[in-house]
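J.: Could you have a look at this structure, given as structure tokens, before my questions?
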Amino acid sequence: MRNFAMLLLLILLLHSLASFPICFARLFPMSLPFTRSKAHQMHFFHPYLNPSVAPTPSPAFSPNPSRIPPLRHKGHHRHRRWHLRRNATAVSPSSHDCQQTCVEPLTSTPFGSPCGCVFPMKVQLLLSVAPFSIFPVTNELEIEVAAGTYLEQSQVKIMGASADSENQGKTVVDINLVPLGEKFDNTTATLIYQRFRHKKVPLNETVFGDYEVTHISYPGIPSSSPNGDVTGDAPGGLPIPINATTFANKSQGIGFRTIAIIALSGFVLILVLVGAISIIVKWKKIGKSSNAVGPALAPSINKRPGAGSMFSSSARSSGSDSLMSSMATCALSVKTFTLSELEKATDRFSAKRVLGEGGFGRVYQGSMEDGTEVAVKLLTRDNQNRDREFIAEVEMLSRLHHRNLVKLIGICIEGRTRCLIYELVHNGSVESHLHEGTLDWDARLKIALGAARGLAYLHEDSNPRVIHRDFKASNVLLEDDFTPKVSDFGLAREATEGSQHISTRVMGTFGYVAPEYAMTGHLLVKSDVYSYGVVLLELLTGRRPVDMSQPSGEENLVTWARPLLANREGLEQLVDPALAGTYNFDDMAKVAAIASMCVHQEVSHRPFMGEVVQALKLIYNDADETCGDYCSQKDSSVPDSADFKGDLAPSDSSWWNLTPRLRYGQASSFITMDYSSGPLEDMENRPHSASSIPRVGGLILPNRSGPLRPMRSRRNFFRLRGSMSEHGGPSSSRHLWSGNGDWL
């Protein structure tokens with residue numbers, strides 16, 4: 001009797017310990033797992049998972065403790081998988097002879113059974129009462145479940161209770177049914193399963209209310225749980241239990257595959273977000289006003305053959321936003337003005353402020369608020385050429401800096417308005433002075449030299465090298481001291497290296513366009529040289545390049561002037577009558593010879609602009625001229641003509657000497673410009689012969705039709721071998737001044 005009382009007291013103590021976690025859960029969130037203790041030793045059963053109809057024999061003990069390897073799952077339940085976790089343990093009831101820790105999903109045997117770890121049958125019930133009503137009566141729940149399943153109360157363990165996520169007024173209770181032996185036999189397991197499935201386990205409805213069985217799992221039971229969950233198969237052919245929602249297994253680890261998928265998905269999501277943000281930022285920048293245009297450096301759009309096609313009708317209809325997107329890579333280092341500022345500066349573009357008008361717009365004189373005088377070019381033609389010219393001119397002028405090039409101060413892009421703001425050159429253009437006023441001889445020479453310097457800079461020293469393509473008298477502006485400035489770069493194109501031409505649609509002004517460009521569309525730097533030669537003839541003759549008021553056959557300046565360059569009488573007839581008695585005939589003849597070569601029909605016979613500059617510097621001594629951007633080693637290496645001594649270097653084919661024979665009765669020292677169709681380096685390796693040395697003073701300026709090369713590091717190849725005062729007899733060089741009034 002005493003032993004029975006002790007046993008009963010021990011059972012009550014164990015039930016109290018079992019109910020303690022549920023009571024303790026009132027103080028903490030119900031989703032937390034119960035705290036478990038660990039023991040230093042544990043003994044495990046090796047359960048036999050093969051189904052057996054016969055009752056299970058008594059468990060056999062192993063003398064040495066061993067662990068059961070984790071079982072691999074094959075089934076699914078609510079799309080979740082379970083694994084045996086070694087760090088999640090179930091505490092076995094304390095007894096006087098057994099202390100051990102079991103690894104889930106195993107649990108310790110009930111009190112009174114040999115120590116070991118077995119598979120429990122996991123049952124999940126949904127009670128229609130609140131959790132706080134369950135905690136005080138967990139012991140009664142164990143008793144009623146045990147009675148309804150024909151088990152001992154010690155075989156029923158309440159593992160957890162929590163409020164239902166969908167209805168807080170209901171309670172989810174997780175129950176473990178533990179076999180007394182190694183496992184439930186199939187008959188017992190099936191019987192328990194059927195009683196729960198058909199709700200034949202009676203529970204006190206007054207205390208627990210109605211209940212639903214949401215999940216049952218145990219190896220050997222049918223593959224479907226009461227709510228349709230499908231179980232897997234454990235090794236040995238038995239279905240393996242899948243996780244019920246209990247406190248003991250809520251903290252399962254996440255598999256490596258799941259972690260990898262989550263990480264990869266996050267990375268892809270980040271990339272998508274970054275790309276979307278970049279696109280949004282880009283479009284916001286494009287949509288900003290013109291004040292957002294900042295300096296940048298990019299290749300010229302004119303280098304692309306299809307530059308004109310970039311302005312489609314749809315792009316033109318989108319206003320300034322389209323242009324801003326096209327100019328996103330343009331080289332802009334200029335100020336941006338608003339349309340209101342320009343309207344105020346030009347009296348709302350008053351006709352009284354018009355300085356001139358070209359093919360693409362008008363130029364207005366403007367006065368800014370700070371007193372700066374500017375020239376505002378308003379593009380008026382509303383077509384694709386307008387925007388193309390605008391971008392071309394901004395690109396060119398923002399990168400070109402030379403004293404003989406007009407300076408771009410700023411731009412304006414607002415709606416459909418396009419404006420270029422230049423420094424104001426007060427003294428008008430060469431055209432206005434030639435045909436509406438007068439220019440003395442010195443001013444004309446100064447203009448010729450300065451304009452040549454500007455073109456030489458474009459062709460040889462700028463980066464990239466530029467072909468102006470619309471050089472004419474109206475595009476050469478004059479300062480008060482008649483210093484010329486080349487303007488209007490709307491048709492400019494980037495020059496290619498070497499002697500290759502650029503195939504392009506013919507653009508320019510009648511009378512100034514080179515014949516090869518007009519006939520074939522092949523554009524070269526020598527095409528600009530031809531245009532310069534026409535302007536030089538204008539300076540000499542005072543006539544327009546095309547004048548329909550002239551007699552028949554004399555409308556074209558070049559056609560009319562060419563035969564007049566052959567003799568003295570022709571030169572006297574050609575020169576502007578307004579210059580009578582104000583010029584030196586020898587200087588005029590030299591300028592005429594330069595002009596004749598510049599407008600030569602053959603491209604290879606035209607000089608380069610750098611050579612024209614050197615020739616003009618020998619004719620016109622510009623004392624006030626300081627060395628500009630174009631100056632290089634070649635400029636400083638040329639001595640003044642008064643210091644020439646010695647003989648001239650050989651010149652077998654001089655481009656100067658290719659001029660027509662001139663006959664006039666006065667000896668004159670002349671310049672011999674040596675032309676070579678090969679590279680510059682070949683000039684110094686050409687054989688010298690006595691017969692090839694002319695007996696006239698002058699300077700050899702080599703010309704070449706080969707590829708363009710940087711001029712800054714070019715060696716000095718001007719050779720002086722004579723005196724300007726010497727006028728020897730004829731030599732073997734063709735078309736040289738003989739001293740007898742003839743060109744040999």
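Count begins at 1; order follows the chain as displayed.
Positions of Cβ are set from backbone N, Cα and C atoms, glycine also.
Since this is a predicted model, take the numbers as computed values, not measurements.
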J.: Scan Asn204, Asn703 for the residue that Swiss-Prot records as N-linked glycosylation site.
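T.: Of Asn204, Asn703, Swiss-Prot lists Asn204 as: N-linked glycosylation site.
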J.: Which residue among Asn243, Asn427 does Swiss-Prot mark as N-linked glycosylation site?
T.: Asn243
J.: Quick check on the record annotations: which of Asn87, Asn657 is tagged N-linked glycosylation site by Swiss-Prot?
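T.: According to Swiss-Prot, the N-linked glycosylation site annotation belongs to Asn87.
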J.: When you measure from the Cβ of Asp470 (active site, proton acceptor), which residues in the chain that are at least 6 apart have a Cβ under 8 Å away?
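T.: Correct list: Asp488, Gly490, Leu491, Ala492, Met507, Gly508, Thr509, Tyr512, Ser531.
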J.: In this predicted model, what is the average pLDDT of the topological domain 'Cytoplasmic' (282-744)?
T.: 70
